[in-house]
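Visitor: Sending over a structure as structure tokens; questions will come in a sec.
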Amino acid sequence: MHEMSLAEGIRGIVEDVARENGATRVARVVLEIGELASVEVEALRFCLDVVLKDSVADGAAVDIEAVPGSGWCMQCATVVPIAQRYDACPQCGGYQVQPTGGTEMRVKELALGD
């Protein structure tokens, strides 16, 4: 389960930002996760519950915002919505769709406390 290593990476980012800003507590963590990022959101939530314990973010609210998947269809030369990496283009039915959005995962916002 790679979600555990993702959660550990998030903890590292959160701790670094808190330290850089002199914060002793993080009240809220907002993540953006693309629908095409190959992340099981519920598994990540579970892992975050585990790795954030005894850290500056222990007890912090974790909000996850989904970023819809999109891709560039080479056949009809347009950006189209896609739910999975290998979906057909919803306009022309072609399979030459290059993902352009929804592949990202990032820490979008942190609410720091004293």
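Note that Cβ sites are derived from N, Cα and C of the backbone, with glycine treated the same way.
Note that the structure is a prediction, hence the values are computed from the model and not measured.
Okay, these came from Swiss-Prot:
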- HIS2: Ni(2+) binding site (BINDING)
- CYS73, CYS76, CYS89, CYS92: Zn(2+) binding site (BINDING)
Visitor: At a 10 A cut-off on CB-CB distances, which of the binding-site residues CYS73, CYS92 has the highest count?
Guide: CYS73
Visitor: For a quick check of packing: other C-beta atoms within 10 Å of the C-beta of CYS76 (Zn(2+) binding site), how many?
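Guide: There are 15 such Cβ atoms around CYS76 (Zn(2+) binding site).
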Visitor: Tell me the coarse DSSP state (helix, strand, coil) of CYS92 (Zn(2+) binding site).
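Guide: For CYS92 (Zn(2+) binding site) - judged by DSSP and reduced to three states - the answer is coil.
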Visitor: For the C-alpha pair, I'd like the distance in angstrom between CYS89 (Zn(2+) binding site) and the residue listed as 'Ni(2+) binding site', rounded off.
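Guide: Taking the Cα atoms only, CYS89 (Zn(2+) binding site) lies 29 Å from the residue listed as 'Ni(2+) binding site'.
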Visitor: Give the number of CB atoms, excluding that of HIS2 (Ni(2+) binding site) itself, located within 10 Å of its CB.
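Guide: So the number of other Cβ atoms within 10 Å of HIS2 (Ni(2+) binding site) is 12.
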Visitor: Can you give me the residues near the recorded Zn(2+) site, meaning same chain, not CYS73, CYS76, CYS89, CYS92 themselves, Cβ no more than 8 Å from the center of the site's Cβ atoms?
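Guide: What remains near the Cβ centre is MET74, GLN75, ALA77, THR78, VAL80, PRO90, GLN91, GLY93, GLY94, GLN96, VAL97.
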Visitor: How many whole Å apart are the CA atoms of the residue listed as 'Ni(2+) binding site' and CYS73 (Zn(2+) binding site)?
Guide: 30
Visitor: Including all protein chains shown, what's the count of other C-beta atoms within 10 A of the C-beta of CYS89 (Zn(2+) binding site)?
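Guide: By my count, 20.
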Visitor: Which of the three DSSP states, helix, strand or coil, fits the residue listed as 'Ni(2+) binding site'?
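Guide: Going by the DSSP assignment, the residue listed as 'Ni(2+) binding site' belongs to neither helix nor strand, so it counts as coil.
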